[in-house]
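Lifted from Swiss-Prot, the feature list:
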- 47-91: region 'Disordered' (REGION)
- 60-85: compositional bias 'Pro residues' (COMPBIAS)
- 119-140: region 'Disordered' (REGION)
- 252-292: region 'Disordered' (REGION)
- 268-283: compositional bias 'Basic and acidic residues' (COMPBIAS)
- 451-456: motif 'SH2-binding 2' (MOTIF)
- 512-537: region 'Disordered' (REGION)
- 594-637: region 'Interaction with F-actin' (REGION)
Amino acid sequence: MEELIVELRLFLELLDHEYLTSTVREKKAVITNILLRIQSSKGFDVKDHAQKQETANSLPAPPQMPLPEIPQPWLPPDSGPPPLPTSSLPEGYYEEAVPLSPGKAPEYITSNYDSDAMSSSYESYDEEEEDGKGKKTRHQWPSEEASMDLVKDAKICAFLLRKKRFGQWTKLLCVIKDTKLLCYKSSKDQQPQMELPLQGCNITYIPKDSKKKKHELKITQQGTDPLVLAVQSKEQAEQWLKVIKEAYSGCSGPVDSECPPPPSSPVHKAELEKKLSSERPSSDGEGVVENGITTCNGKEQVKRKKSSKSEAKGTVSKVTGKKITKIISLGKKKPSTDEQTSSAEEDVPTCGYLNVLSNSRWRERWCRVKDNKLIFHKDRTDLKTHIVSIPLRGCEVIPGLDSKHPLTFRLLRNGQEVAVLEASSSEDMGRWIGILLAETGSSTDPEALHYDYIDVEMSASVIQTAKQTFCFMNRRVISANPYLGGTSNGYAHPSGTALHYDDVPCINGSLKGKKPPVASNGVTGKGKTLSSQPKKADPAAVVKRTGSNAAQYKYGKNRVEADAKRLQTKEEELLKRKEALRNRLAQLRKERKDLRAAIEVNAGRKPQAILEEKLKQLEEECRQKEAERVSLELELTEVKESLKKALAGGVTLGLAIEPKSGTSSPQSPVFRHRTLENSPISSCDTSDTEGPVPVNSAAVLKKSQAAPGSSPCRGHVLRKAKEWELKNGT
């Protein structure tokens, strides 16, 4: 009986060092109480387990049998646990949490490392180990910390080092609860600095391979940066791997080497191995995955022959042992709560990646708009912490920065630049401009903004997307045709000015009742609207959006009309300047010829010096005019190319504007020999103080389409047929 009690007491002491569930801990407490009652009745000498741990290193082990004749060793009075340090901890301070037991305060193992071991920036190849390094001492935290919620229901907890992006290490309290890894910056924090669901993660153990390296656990999740944690020993790494496997597989059944994925998204083992083998190694201790074991491409290939003998004998070589990796496939990744609620189901998503200019450097940030604030996150998965938050009320949106970054827009407050953002495409830029205009409460029309560094096609896409986004953000409905119905279905601008879209039709049949109809990719006109009342549209004029005429939706009709008109006006001005410059050059050349003749006549006379001075000035003026003529020719060529592109888009859209007779193409029947003044577009009022502006000529186009006898193509064909009859008659 006495031997059984002694062995049972030793067994309970061994259980204090193991990770136990709450049920086992309760049973252990009951057995301990029974054992204490038996020992007190039998007269056994019972000692507290915590006092044994404190005096284990300095005092001999207590006898296993009761020896009453041996005097009891003197024990110092219990002065209570040491207080927490008030000053900041040294750089090499390291703690490891010991598993909790019932009725005890959490214990932590501390050790001190030198500064060289804490940094991975520089590695040493010295293989000598210091004997005094890594000695462990135990201390207990105060009793009021024993009930802290951080580690109450934790499966395992410890202070581990986390590897930062540039190789630095930072200490975190890592706790595993349920199926999540929680990282706290301090044990006094109530909210975790990082929360990582273990489902869908791959955990890799990277052994220590040199003096300056550490035992590392690498946790990789698809779409995120890997999390690298440093542990003290291989045994601790195996404990963490075991607990992580139990934490996830305990919900569905027994612990396996690989947890099966959910049946809704099956992932075969061969596909998983193929996917893992295609990943590029990001650490010195990683390699290519083959049959669940990670092998290294570097040293292992060189020493493979040397290690073959030891492997044949049933042992593992040093290099191979360092590269053994335990990979746990824990199913498909579940989106976090913040990702599920990040406006993914809204009509217009108010989040996305943008390039942000910070300290003269462009950085990609995940941006989202929430509660009239523009919030910048480092990554899409890290939504609980943000870099900066900008209130949008009172801000002004200004597109453009320079020619190198054409898709850039800025946020200004009281004339001061708050943020500089760059989108990845014209649609993305228009979406963000519409969102920011709606959130800032601005009454600015997206087309009233100046897009200085993008062309007509891109600006049309930006403006149209911005208008659509603005209407969605304000819960307004854009009708398929603004000339149908009342003004309540049109685009209602905050300033009260009615803005009309192009008459390019969109599909009404494919739109469901859940979402409001969206206008096509046409561009709205700026300035004055037509004074005529809206009329009922001709159903024959409705164009279905198919592959044959999909190019019509690539441009904004009215914007191209206005741009073509502006380019034609500019071309006329340049041609006039060119003609005037040519006449001036001819006059200067004639004067220069006369001066040279006069100098030859007055050779050796007094007026020769005056004539030579005049000739020098005349030649200088000729050079200036010649340089001006070259610049004018280049500008004229550029304007002609732009006009050609605009007219090509006009042919696609069926515009009313026509090219000049000098630039008309004889192959196209649309290019008729008539001037711009005879076109229907001239009847619209396009006067503005800023110059030519886009106009909305829908009513005029409908009038021209309603008259079948006035078709220019038909008149052209009849005239040609009459000419052929006259030729045949002669």
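Placed from the backbone N, Cα and C atoms, the Cβ positions cover glycine too.
Note that the structure is predicted; figures quoted are calculated from it, not measured.
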What does the DSSP secondary structure composition of the region 'Interaction with F-actin' (594-637) look like, as residue counts for helix, strand and coil?
39 helix, 0 strand, 5 coil
Looking at the region 'Interaction with F-actin' (594-637) alone, can you tell me the average pLDDT?
86
How many helix, strand and coil residues does the motif 'SH2-binding 2' (451-456) contain under DSSP?
1 helix, 0 strand, 5 coil
